[in-house]
Structure formats: C-alpha cells, structure tokens
C-alpha cells in the first residue's frame, strides 16, 4: 500500500471511503482534548480499581476480627487447652480438605454467574481499555536442528581388511567386482617397491604391464613433450593408483605396449604395491566369466568416465579418436592381376569406389598365383548427385525423415531366409544384377602398401559371385575377432552383407536395439555425435563429425561390450558394402569363444588417440558410499569431480562450529571446479548423500589439455558464465532471516525417488501408479518394485554375490530415464534397504485422516538413510471433501521431514482390489492423458524441477484484479504449483491456496472488501496516532473471520508471504505458522497500522512491499503482510516477538523468492502504484515560499516537486523498486501488470469493477501469448503425445547386459515360486485386512475368477466377469499369433513366460497341505538340463491345467449353491 497516495487523497478530500478531509482537520485541532479525555478515563479506571480492592481488603479484615473474637470466647468457656494437640493424620486431613475446598471455590467461580461476577466484568473492562488481552497461543512448529549425521561425514575405517588389500579395492574399480577367492589369488602376485625421493617408478620405454598402488608417500606422474619439457598430470597419494586400464587390454590381448610419454617419480619416500597384469592371465584361464566382466567394466569406464569428462565438460570430440588409420585389406587372394589398366589413381574422398569386373577376378583366383592384393567390390551410383543429400533406410520403402531404422526386426532386410550365401542383390527395394550390365564397370585394387589402383572397363557385362564376397567377409571378420581358421564355421552363419547408398543411417545415438559389429568392405562410413556445446546449440544443432571408418575397419565394438546404448550415430558417407553381425549373434559366439572380447576391446583401444591414453593415467573412477567425503574444508584443491551417478551435499562449517548446507549436486554436475581454477583451499566439505560414482579430473591433466587444445578454455568460460549468472539470479533474498531450508541453492530435480508407506493401510501401489502416470507426461520414467527386479534379474539378485549386476542394472535404468520410482516393500526387506541406498529423496506416504504417530518401520527408515532428504505426502480421499488439518502434529512428530505435500486422491486409489485387479485397472488408466491440474501432477513437477509459481504483488484495493487474473490463468490451462504474495496479494493468494475454487475465492474476497468500506467500524478502531492511526483490532477481525485458525501448513498448495521485519531491518519469508497473522503483517502499511509483533522472536513486522512487492495460524501472517505503517500497527509475531509490517516496503513482487524456493517458471502480477518520475528541475536550492507561490498562483506554470511525505515514501520503497527491476529483467519470470492505475489504494467499493478489468486483461494477455507461442512453458511443457501402452512387469526393451552371465552360462540357482509371480507385493494380495491375505489354510483357488471378485465387493462382480472375458480373448489371440520360441531363448525367460501366462489366467498353484507354492530349485548348466527343465515345466503346466479345470468346475458348483441359497432363505 502507498502512504503518499493516501496523504494526497487526504489533502484533496477525495477519499470517500473511510474518512473525509473535514474530519481530519477536526482531529488535528482537537488532539489535545483527546489526550486529556483518555488520561481522565484511565485515572478514573485506576481509582475505581483501587477503591474496589480497598473495599475487599477491609471486608476481609472485619471477618478476621469476628473470627478471633469468637475463638477467644470459646476458649474462655472450655478452659485451658494448652496441653492438647492435633494428631498428624488429623492435620493432614484438615489441610487437605481446606485446599480442596479452595480449589473447588476457584473452579466454581470460573463458570458461575454469582459470586465474583462483578470482579470479572471489571477485569474484562480493564483489559479492553489497557489492551491487556492475551491471545491463546496456537500449536507451534518445532524447529529441530537436523541430526549431526545429516551434515557430517562418516569417518569409519575397516580394520578387518589389510591396508594393501584395502587400497587395491578402493583404488581400482574392477577389483571391487572380483569374488573373494579370485581377489586373494591376485594378491599373491603383488610386490612391494620401496622408493626414495627422486627414484623413478617407471619411465619412458619401460613396459606398461603393471598396476601400481601407493601404500605410503607420494608419486608424481608427468608427461614429456616433444620439445623436452615436462608437465605434471597428477600427484598420487596414499591409497591411489597409477595405471592405465587400456594398457590392461593390450597386455591381455598379447600386444603389450611401452610408456611413450608418461613417467612416474617419487616425491618423497614411498612404498608402492605392484601387481603385474600377467597375473590376471592365470585367473582368467580358470574363470572366463571374470575376464569378460573385467573387460566390460573397462569399456564402461572408457565410455562413462573418459568420454563423459572429455566430451561434455572439456568440449573434446574428434580429438578423442584417430581419424587417419592405415587401410587394411579386405581379403588377400593369389593370382595375376589383369594388366589392362588404363589409369591408376587414388580414390576420391567423396566418391564411391567403382565396381570390379569379376571375369578377370575369377580367372586370377583360379590360377592360384600372384602377389597379394586387396579387392574391393561395390556398386556405382546411377546419379550420385541425386542421392547425396537424402537418407534412406534399407528395408522400409517409406523411411523416417532422419533416416533411422524402425527397430531390430526392421533394421536389416534378410537376404534369403537363413542362407548365408544368397545373392546380395536379390533383396527387396534393391536393383537386380541385370541393372548392372548396362552400367560402367571398374575395378578398384588395394595393394599391400595401401595405394589404390582403379581400372575402368565401360560397357562390359558384370557377373558377380556373391559367394566369394561372403567368404571374404567371413574371413575378415574372423580375423578381427581373433578366431582361427578352424572357427570359421562358428561365425559364418551369422555374417550378413548389405549395400548402402549415401547417407543411410545404420544406428542413431542413444539407440540400444540396433547395436551390431559393422565391418566396412568398400566405401566409407561416417561417425557422428550430437552437439553438446550449449553456446552453439541455437546456431548449430547438427551432429558433429567424429571420424571416418574406411575399408577394412570395424566399428560398433564399444556398445557391444558395454551392453549400453550406442554413443554415436553411424551413417554411410558414400556407396558402401558392409558385413555385420548382430548383438545376439556376437553373444552366442562369445559363449563358444569367450576370448573374442579381448579382440573387440583391442579394436576399440586401437582407434583411440594418444590423448585418451594419457588421460587414462590421470582420470580416476571413484565409488563412494553414503556419508563418505569427497574432500574436506580447508584442504588443498588439486582436482575437480564429475558426478556420474548419485547425489552429493556441500556443507560449510562456520568459525563457531555451526554447519550449514551450501548446496547439493546431482548427476552430471561439476564439483570443485572454481576452487581448482582459482587455486584456493576448499571452502566446503562435500560428501555423498547416497552411493555415488564420480570421475576425478586432476589439475595437472586439466592444464595439459588446456595448453594443447584451447577450445577447452572456451568451454570452461561458457560453463562458469552460466553458473555465475545462475548464482546472481538466485543470490538476492536467499540469506534473509526467517528463510527456510529450501532457500539454500539446493537443486530440486531428483533422479531417483523412494516411496515408503507409513502403515499397511496406505495404498502405495495405486499411489505409485498415479505418480508414474503424471511423470510420464514429463519424460521417460521407470517404476521398480521388488517383484519387477526379481522377474528381470532372477530371484537371487539381492544376494551379495550379485551386487555388481544389480547396481549396474539400476545405474543403467537411471541413466535412461529422467526419474526412477523405487516402490519399497511394507517391511524392512533387502529391496527396501536397496531403495534407501539408491534414493535422492524419500517420499513418506501416509493417510491424512489417520493417526500421526511414528511407527517402528518409519524410524528404521530414518536410521538407514539419515542423510537423504525426506518429504511427507499426506493423502486425502476426494469423496469425503476433507481438508488438511493437524499437519503440525505430523511434522512435529517427524523432525527429519524437510517438506510436506497434501494430495487429493480420486476414488480409485482407495479401492479394495487385489494386486492383479490394480495392475489391470492402471493398465487402462495409463492410456489416458493425465490431469495437469491434479495434485499428483503438481508433485511430479516438483520432483522433476518444473514447478510453476504464481506471485501476487501488493496494491491495496487494486488487488481485486488478482481474482480476475486467477480466473484467466485457470481458463488458460496453466497449473499453479506454488503461491506467494505480499500485502493484498498475500490475502488473495491465501484464499486460492485454501479453497482452489474460483467461485468461493471470489465470494470471500468480495465479502472482505465490503467490510473494508464500513466507516463506523473504522471510526471505532481509531486510536491516538503515536504508532499508527488505527489500533488494528477491527482489521484483524476481518482477516481472522476470513481464514479462521488455519495454519500455513494446512493449505493445499505450498504458500509463502513476505513481511518487513523492522526489528531485524530485513524482509522475512513465512512458510509456516498462523496464516491470518502473517497476512495481516504483510498489510501493515507504515503510519496507518501498527507493526505486527512476531510471536516467535518479538520482531516488529511491516508490509513486505517495502523491500519486495512481488514474493503458524494462517490469518496472523496474512494480517502481518497487510500491516500498513502508520495506518495499522505493526503485528507482533507470536513466536519470537518481532514486529512485522507490510512486505511491500522490501519486496512488492517476490518472484526471486519464489525462484529460490524451487519454481522453474513464474507468473508475477503487479498491481502496485507507480511513482511520477517527471519532476521539475528547480536548481541547487529550493524555497518553500516559492513552492507555495507556485501552488496558489493560477497564472504560473505548475511545478512537480515532492513534498516531505512523498520523499519519505520514496525512500521507503527504494529497495522495492530495485528488486522490481531485477524481476522484470529475469528470464524465469513472466511479469504482468494489469491497467488498474486509475483506481485508488483504498477504493475497496469498486471490487467487481477492478476484478473485471483484471480478468479481461488477463484473458487477452494469455491469448496473445498462445498466439506467439510463449504459453507453452506454462501449460504445454509436457509431452502432448498419447502415452504408449507398456508392460510394467518387465523391461525387455532395454536392460543391462551382463556378458559374464550370458556368455559363460554361469550356474544360477534360483527359486521358482509360483506365488511370487501373481502379485508385485510378495507379502499379500491387496490389503492385509482382507480375509484372503490372512487365511493361509485355504486350499481353494480362483481360476479365471468366473463371476467372483477378489475384492469381495458385490458391486464389482459384473465388471470382473466382463474383464475376465476380455482377458481370455486377448490370451487366445496372443497364443495364436505368437511365433514359436527360438532355440536360443534363455531358460529363465521361458519359465517366466509360462508362469506369467498362468498368472494371467488366474492360476495359483499350492500344495495339498496348504503351505503355499512349491519351490523348485533349478540350475542352468547345459543343453541337457535345459531339455529336462523344459519337460518338467511342460508337465507342471499340464498338471496345473488339469487341476485348474477341476477347480473351475468345483467353483462353478459352489457359486451356484451360493447364489441359490439366498433365494431359498427368502422363500422360507
């Protein structure tokens, strides 16, 4: 609110709302009389009270004298009683009755209307006069400091492991995946090296064949440049290693290398553990699965650590790969070469090789003599220029626009069934051999020295024998895979040939389905990567060229070994012929020859540049458990860290010992980069919130790359600039007193979310499905339960031996999805503990209308994940129209909760159905579009960092425009996730958060505005104007009547209000406490209302608009936000006693505060007044008489000079104006100002008119935004495509591939429990309160559920029958259309498919004793066992089918009896 505007209105006599100008003059003249009158009244009141107390005392004295006289008379009549005394028991009885009698009298006086009534009346009158009334203090939120473990690292060592073994486990990631016997065998080969200062650990020309781990001391690793200078890469300290895992592959593949540029020297006396790489040979011979797993881990490290650090953060792409490799021969044949060579030339860079005349080629092959040559065979283009700019797929006549393939089955067209020697040109969409007869033919020869010889024979008919080409491709791929000639029969059935036209896409980046190993026979392939440079993203969005693949080279080995998606996009650069082997075929070959993984890995390593090898020595792959510190405060900063997975927390320790959260880092963030560049000590301590993986980039390596590749400096400047701009936008307002924990620069975008139920009554599965449904609109999301993981990875996946498989699989799922939901079990199982370790945030789900007590299971969750952020989610049924209440009790009982959410649930969430029914129900729900205005969508946007905030500014009666803008926002389809307000905006925002119904909000706002126009109420509220004109009592009553005793915590939508704390001289943000009080404080305009005294600390709070004009019981903070200085008194906070005034003095549009609280997109509505900036330049001095003359002389030109109140008002709003300009210039806020300047601050009688102005303006504004395409970030930020139906029980489309498990057929012992396959909850179906979950002796089972509902609800019986009929039809169609199972299908997959089929039919197999499902243990070791298992499963299925038929008949008979029994009873 504006003091200047009110004074001007008073001077002009144009108020017409509260008081007139004549009345103001009367008050100014009679001020002395008013003082005397009030003093006389107070003196009379004091005299009356003194007389009353004196009269009571005199009456008590007279009564005492009468009692004394009566006692003395009785004593004289009875004689001398000095020798008598009372017994102790009598004394106790006497005094006890006396005290009880007094207590009874006092308690009776509290409610009686007789004795003491006059005294109570006088005291009430005195309290009213002297304002001695004491408010009933509401329930306060307990401010509990987080536990010490939340901000402290874990400092615990492992005393049971020897130091050398512990350093080996910690330093090199691959050792962590060895089993204990294998690791102990490796330890036998270790050697201890003692080095003095200056001794070389290794130097140039030494063999690179060992792993070095520093046990004590320090080692310096540096590189030698060509000019003789050296540059340090890193300093290796205690527990760290010096090794290159790429050299590890060279040694194992039989191609050991030497140190060419890297040297290691001891800085001080050191002890180093040396482990020869040859020691692994002995282990790998006996354990081929260990070899495959080690190679896979090395390749994953190469892709996730080296490529991630060098590409995404240093801007290096093509520098990582050698682009000029020596051409290899495709095939070597003996025979003379036709000497009719017209010319010999090099192949053109962009032109395809010509076609060879096979007549001469066959003659030379038949002769069997001649020198070795290389023959390249391909087809020339008919018009190269016509095809050079468009992409084609190989099998689809209508290819995708991007040239990508449609899937694995359509990726390549089969040549001719399974025949490997079929004619290549007899495929669809390809020209026949006859088309080649009229074309120009040529021969391209490649000599052993790499030169090309091209012979052109125009007009000669070609006759190509594809069997020769097939044989050449098989021989070349056999050599690339390191197989002998005797192994040709293994690879021959899987080799396929294809001809490519220019710009045909073989695989796209991020595709995991079309991974193959491609061998180029003729032509050239180009390898691309997406442009990751943020600075050039808007200018150049095309893919970046990495390198070319020439004839004789192989590509695709990295994605094949890692089992992950392809990191590159591969296209044909010219007409080319390739030979390839699919992923499934490669894995089948690996089963027979596991050592091909070494040759595939060696092929990948040969392609890498020397820079990658040097970086491999310096970069480290670190795995941290929860609570472990990355670095500590005040340590030297010699490296930076990249978060690959997990979550980190930065904590600063102040000089007094107090610790504070500085920030949190998630996947992809760079930690410690600023300190490393500035060469300053660590300012904070960074620790792992959960199990995390990091890549360590030393300072020496960073400097070496920076000198060699200056583009790194540009990338670094861009990165630091974005971080600096982000910190500048979030700096203001974050450090103010009263700011919550969320105000810290902590990111609110989570990758993993764990869902924990408080009790068994919580419908956790429907809740997870609803949240999953809302998250699917934002991006790819995955829902995981214990049963889903078991079905995918085996029932024994949670055992310690399978730790690597589980963690790798979960990490891969997290990389693929923007968010992963971990649904915990209802007990503290192994899966629940795993969820706690993987979660970035834990959602504790409870029922809002139930008891708030903390259970034992919930306390265990807090103990397991002390450092993980926890948020409370309270569910409310929509049918009961219940509103949140008693939220403070929930939060006070759980001090570890940092945030809470109220979620209104539809009826289907609380349905009492079995797990199968719930899965089937949500399989249909997931096909629909989610409601973006629901509470689940609001929660989904919060978890993914896409929340939409609404900020309402202050402006007095002009705030009625907020109601119209709210209606326009609702009609525009914009969801509101967070609301903040100042002054009148605090009132309107609180109304919306409380009801979320525009009709109800409008009615309440209109009623409050009408109360503000009643003059007689304002006259009764007048007081002596020392602090303010009004006492604020009636104003408080209007706000309290509007909200009642509601707390901010009980609002549906997260809400905050902003006030000006005149006690601490800053603004305060209120996110909890009394609503009406803080709204009143935010409306306390200086001079009209006294500041509100904060009950927390006693600080005086004014209108928050003085510092920020755009931003418990609820009404108190609303009242505090409306404490206009001078009009209403400051409101005293009931928590600390601070005085609160209107928030408009500090920040009238607190959009920056909303941004700090986590809102990504903000709509800010400003209705405040605007100051006149067109003032008169009056020179160096100013005379008041001159101004008076100008004012009263109508013949002179008017001047605009601010008067004293105007100057004071402008000074008060200096901070607010500066803050408003920052909000207008920000990129995260949409600033809107309706045209309401003609309305006065106190024109509350024009509510409907101002509201209509705001509605019309808002409607037109959002329509124009929609036409301009700017409305999408508010109401169309999610994916509008209809969701696709997915199978949530399995993850067949993309899963982690454990080569050791697949290739070596490891014995996997698992339990086939048919009871586990029927539901996702291993404990029970449905709720625990259902009779079926507790009755374990029931032998009868439901088959096809003919006419019966598992929920025992009579109203659902018909729908269940219809659903079963649909399921039966679907099963019949699927069984008829499904192809026969391949012979290479894994046994585990067959079992799951059969049991899942039985599950869909509703069959639960239990033994005759009723003890549950029979558990059979199987072991996969060979083809014989597979056949035996197949026969057993078929027999088991037949037995189940026969038993099912019997049970169906039996159930039908019982159903008929049950249905007929009620009719018989009614007849009887």
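The backbone N, Cα and C atoms fix where each Cβ goes, and this holds for glycine too.
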Give the range, chosen from 14-34, 35-55, that Swiss-Prot lists as transmembrane segment.
35-55
Out of 981-985, 986-990, 991-995, which range is noted as motif 'GXSXG' by Swiss-Prot?
981-985
Look up residue 676 (nucleoside 3',5'-cyclic phosphate 3 binding site) in the DSSP assignment and report helix, strand or coil.
helix
What number of additional C-beta atoms lies within 10 angstroms of the C-beta atom of residue 480 (nucleoside 3',5'-cyclic phosphate 2 binding site)?
22
If you count the other Cβ atoms within 10 Å of each Cβ, which of the binding-site residues 592, 692 comes out on top?
692
Taking DSSP three-state, what's residue 560 (nucleoside 3',5'-cyclic phosphate 2 binding site) in: helix, strand or coil?
helix
Just to verify a number: CA distance, residue 708 (nucleoside 3',5'-cyclic phosphate 3 binding site) to residue 544 (nucleoside 3',5'-cyclic phosphate 2 binding site), in angstrom, no decimals.
21
How long is the line from the C-alpha of residue 560 (nucleoside 3',5'-cyclic phosphate 2 binding site) to the C-alpha of residue 596 (nucleoside 3',5'-cyclic phosphate 3 binding site), rounded to the nearest angstrom?
12
Does anything in the same chain, at least 6 positions from residue 544 (nucleoside 3',5'-cyclic phosphate 2 binding site), have a Cβ under 8 Å from its Cβ, and if so what?
317, 318, 528, 529, 530, 531
Site of maximum Cβ density within 10 Å, from binding-site residues 576, 596:
576
By CA distance, which of the binding-site residues (496, 512, 576, 592) lies nearest to residue 660 (nucleoside 3',5'-cyclic phosphate 3 binding site)?
512
Would you count the other CB atoms within 10 A of the CB of residue 512 (nucleoside 3',5'-cyclic phosphate 2 binding site), including those on all shown protein chains?
19
Measure from the Cβ of residue 644 (nucleoside 3',5'-cyclic phosphate 3 binding site) and count the other Cβ atoms within 10 Å, all protein chains considered.
20
Looking at the binding-site residues 480, 496, 512, whose Cα is closest in space to that of residue 596 (nucleoside 3',5'-cyclic phosphate 3 binding site)?
480
Can you tell me the CA-to-CA distance separating residue 612 (nucleoside 3',5'-cyclic phosphate 3 binding site) and residue 496 (nucleoside 3',5'-cyclic phosphate 2 binding site), as a whole number of Å?
33
List the residues of the same chain that sit at least 6 positions away from residue 676 (nucleoside 3',5'-cyclic phosphate 3 binding site) in sequence and have their Cβ under 8 Å from its Cβ, in sequence order, or write 'none'.
637, 638, 639, 640, 699, 702
